[in-house]
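J.: For 1-26, the entry in TrEMBL reads signal peptide. According to TrEMBL, the feature domain 'EGF-like' maps to 66-105. The annotation domain 'GAIN-B' is assigned in TrEMBL to 193-380. If you look up TrEMBL, you'll see 385-547 marked as domain 'G-protein coupled receptors family 2 profile 2'. According to TrEMBL, the feature transmembrane segment maps to 387-408, 420-438, 444-468, 495-513, 533-550.
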Amino acid sequence: MRGPSLHPGLCFLLSLSVVMDQKTTASCNCPQHAYCVNDTHCTCEHGYRSDFEQQFFTFPLTTCQDINECDPPISIYCGANAACKNVDGGFHCRCNPGYKLLSGDTQFQNSNENTCQKTTSSATTKDMKDVSRNPVLEPNELQHVVETFQSLLTNNTPLGTGEKGAVATWATEVLQTVESAALETALKSPEQKIQEIHNNNTVAIETRVVTDNCSEEGQIFSLNTHMNSVDIHCNDIVQGNIQGPTAIAFISYSSLGNIINATFFEEANERDRVYLNSEVVSAAIRPQRNLSLSKSVILSFQHVKTDTLSLPRKNMMSPFYLQRKPCRRKAFCVYWKSSGERGQWSRDGCFLMQVNESHTICSSTHLSSFAVLMAFSHQEEDYALDVITYVGLGLSLLCLLLAALTFLLCKAIQNTSTSIHLQLAICLFLAHLLFLTAIDRTEIKVLCAIIAGALHYLYLASFTWMLLEGLHLFLTARNLTVVNYSSVSRVMKKLMFPVGYGAPAIIVAISAASRPHLYGTCDRCWLNLDQGFIWSFLAPVCAIICVMKCPPSRILGC
């Protein structure tokens, strides 16, 4: 019994390793706009991404689609008086009608190359009328506001003290001063409905003046600065029965977040790593400061830091250097709450609506200065639970090893039942050993996925052998008084190895072929919970438990 009881399992593992080795040595056949990486995986060319949004893939039907860099969430900013134009595999910037580059070229690549200047011909005047937005004021007046902010930033005596109270008071004064200056500038020239200055690395400002008392019902205005935006209802800008023009200002501060950073967020969990992941933006209304709104404003923030890998190009070419994303990312929509001489970030009245890799969308019931805080929390280690796990599994490994040796070496007790017990002991021993030594080996994504797949297979095989053991016991009890007991035993011997090792292999193969990227999580080499993938393990296990829980007389009919 020693040979037939052990060799099938070893043969299966050896054949599995041969198949994996053949798969890794075979050259890849990549689709259009993709190239091969290490003769094992495909990756899309720059400007394209796979339809499954995987950086590396092997599925033969995967295609590479063009990335529209001009639309959210990327939304390339080309600078003032210019717009982004998407092309296949890339993009370029073009000056708006009525503007042209000083060099005479028709396109450029980014805002740093923007030299769009207004032309003066009659044809240009006609083109200017075709622009969907109103004529934009030359940013001379708003430039004074920018200079005011820069002077306040230079005169940063409270920042040198390091005292949070003084820094908070200074930040509150700066925010209010810049808001007031921008709104006063807008109301000085109400005929210029839109004023904006975006080509500044310190602060970007856009203002809008409303003079027609919301001519369209339900009208919503959208203001954009530095890839951030705010959407607000016109009625909240006009503020009821106020006579005369009303202005709203939307301001983005590039460097202020380094000063009033996440340390001013007192609601954070001490175990979480929290940081400011957006620019600080301000939204304000004049002539009256409308802090309470009838409808929520929608704020969109571009992330300062994304989960895009910052590895050298040569490392990014290999999937074995692909690092995982941080665990359990949480985003907080916050506003700057000033009370007395102190100020801090608060979540009151701010709600998270949506978050992706590059942007966060929030809603707020009031106007103020806003930002996005990001927290990366990791599972808290429980020392007592670790001790129980290692001690318990260590004892289990010892007992399983002794049981396997007993079933393997004691020929006097070898039969179909002990053969099933032997296979169960081997599967559990390998599963527990792999769990103890490799469950947290998440540094290399491919290795972690292989470990997760092996654990998936071994634990499913263990439950399958438990089912076969229960079925064998039932058939044995049922056929004690039947003369064909030996024939039933022969049938069990023929079927138990294909079922015990084959059924779990089919389930794992289907799971790996359909969702290979869901093997392995950010902190454990196990099945990912996304898309209900865990049910590829739970569903078979639950089915086995239900079958074994049925009364003996109904097992075959359950």
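Yeah, the Cβs are placed from backbone N, Cα and C, and that goes for glycine too.
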J.: Would you kindly list the residues that approach the transmembrane segment (420-438) from elsewhere in its chain, counting only those six or more residues past its ends and only Cβ-Cβ distances under 8 Å?
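T.: Distal contacts: 5-6, 9, 390, 393-394, 396-397, 400-401, 403-404, 407-408, 451, 454-455, 458-459, 461-462, 465-466, 468-469, 472, 496-497, 500, 525.
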J.: What are the DSSP helix/strand/coil residue counts across the domain 'EGF-like' (66-105)?
T.: 0 helix, 16 strand, 24 coil
J.: Can you tell me the mean pLDDT for the domain 'G-protein coupled receptors family 2 profile 2' (385-547)?
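T.: Mean pLDDT across the domain 'G-protein coupled receptors family 2 profile 2' (385-547) comes out at 87.
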